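K.L.:
Straight from TrEMBL, here's the annotation block:
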type    : residues    : note
DOMAIN  : 4-83        : domain 'Thiamin/hydroxymethyl pyrimidine-binding YkoF putative'
BINDING : Leu9, Thr43 : thiamine binding site
DOMAIN  : 124-201     : domain 'Thiamin/hydroxymethyl pyrimidine-binding YkoF putative'
Amino acid sequence: MFIGAQVSLYPMTSDFVGVITAGLEALAPHRDRLRVETDDMSTLMVGPPDALFDAIRDLFAGAARGPAHVTLHATISRGCPGEPDDPACRCETLAQAQTQALSERQALAHGAVQDATVLGVGIDVQFSLYAMGEGRHMDEIYGCIAFLKTSGTFQRSKNFCTRLRGDAGPVFETLHQAFLRFGPAQGHVTLDLTASANSPGLR
Ligand SMILES: Cc1ncc(C[n+]2csc(CCO)c2C)c(N)n1
């Protein structure tokens, strides 16, 4: 399986390079578990989901600790049939999910968010989970939305997406669990994510 993300920070300040650099510096502890490649548009991260979501969380928290309004956009993908298999992306939780009922996966996801580390950085998120394939894929999406509503980070449902709000720790753990535990364990699942911090619209 191939698991990874293309991630971009968009700081709303003339010092945008400083904010992006602060975010990229926060990736340092994750570079030994992920392949990280930055260019002028985005940063590619490839590796297992736990390392991937911790890295995106710390990238965004690193940028959001300053006073500037900053947004992040990420396209996160697992199991894309067009990508090469990469043993570095192996994930025990995905292997186990194949034999777990939806209710069991919801309970495990809930527990993981309860245990998430609080970072002291408040964020807003809007995201969509896409479980590719045929058949009853909406059962997985509705199961995921039921988990989101009990996660403690749910803000509201919108057309095509869900909004979360709270500390970056539990919010990114909610996203991690949605991506990992819902949709076909060995199939193609993507997550489209926009995060925002320090928005003047909230003051
Ligand atoms: C996470 C992330 N990675 C790369 C870019 C692309 N980018 C745009 S400006 C800039 C700094 C000066 O080159 C970089 C690297 C981004 N926006 N966010």
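Residue positions begin at 1 at the first shown residue.
Cβ from N, Cα, C; glycine included.
Keep in mind that TrEMBL annotations are predicted by a computer and have not been checked by a curator.
Worth saying up front: this structure is predicted, and the values here are computed from it rather than measured.
Give me the local environment of each listed feature.
P.N.:
Leu9 (thiamine binding site) falls within a strand when secondary structure is assigned with DSSP. For Leu9 (thiamine binding site), the same-chain residues lying six or more positions away in sequence with a CB closer than 8 A to its CB are Val19, Ile20, Gly23, Leu59, Phe60, Ala63, Val70, Thr71, Leu72.
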K.L.:
According to DSSP, does Thr43 (thiamine binding site) sit in a helix, a strand, or coil?
P.N.:
strand
